[in-house]
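> Quick one: structure below, then a few questions.
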Amino acid sequence: MLDSALQLISKAMMVIAATLLVLVALLIAADVFGRGLFNAPIIGVAEVVINGLVIIAFLQLPYTVRIGGMLRTELMDMLAPPPIKRFLWLAGYLLGAFLFAILAKAEWGNMVNAFINGEFEGHVTFAVPVFPSRLAIVAGSILAAITYLVMAIPAAVALFTGNEEPLNVLMGQEVEHG
């Protein structure tokens, strides 16, 4: 049930990120068009793009983790004996969960302060609220950490039982979605 909920949430976040990416691209194109033809740039494009890219990256994060899109060395899979391979998979998932949990914890205070203080980025003529990008960092990191923990369960089963079927199912899901 948790896995199904994570799948639904991560796909929804990915769709939102893709939509935002298209909107950011259109904004950049409109700015370039306005600059080139009318010598009239759109004010605040840089601020919107900077914050938008942070939001896009962290909204994609849980889905990227889920499909196995994070950086890893497949050479170890080919060369390591099965017990070492199973250990490395479990260690990688647990390390990923730990690192993204740390990132979420580290960014939590910044997110709360941005919300409470109404923090903005930009200049007098145009300012972008910082809270949405801080929220995306925290939410994306928390969901990535949870996704890693859910993925660690079949890896732990494979490590402690010697049965690689749960791990193979997980790898099959990664290949299928990737």
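Glycine is treated like the rest: Cβ placed from N, Cα and C.
Values in this document were obtained by computation on a predicted structure and should not be read as measured data.
According to TrEMBL, the protein has these features:
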TRANSMEM  12-30  transmembrane segment
DOMAIN    25-153  domain 'Tripartite ATP-independent periplasmic transporters DctQ component'
TRANSMEM  42-65  transmembrane segment
TRANSMEM  86-104  transmembrane segment
TRANSMEM  135-161  transmembrane segment
> Using a Cβ-Cβ cut-off of under 8 Å, list the residues of the same chain that are 6+ residues beyond the ends of the transmembrane segment (135-161) and lie near it.
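Sequence-distant neighbours of the transmembrane segment (135-161): 2-3, 6, 9-10, 13, 54-55, 57-62, 65-66, 83, 86-87, 89-90, 93-94, 96-98, 100-101, 103-104, 107-108, 111, 167, 169-170.
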> So, by DSSP, how many helix, strand and coil residues make up the domain 'Tripartite ATP-independent periplasmic transporters DctQ component' (25-153)?
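Computed counts for the domain 'Tripartite ATP-independent periplasmic transporters DctQ component' (25-153) are 101 helix, 6 strand, 22 coil.
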> Over the domain 'Tripartite ATP-independent periplasmic transporters DctQ component' (25-153), work out the mean pLDDT and round it to an integer.
94
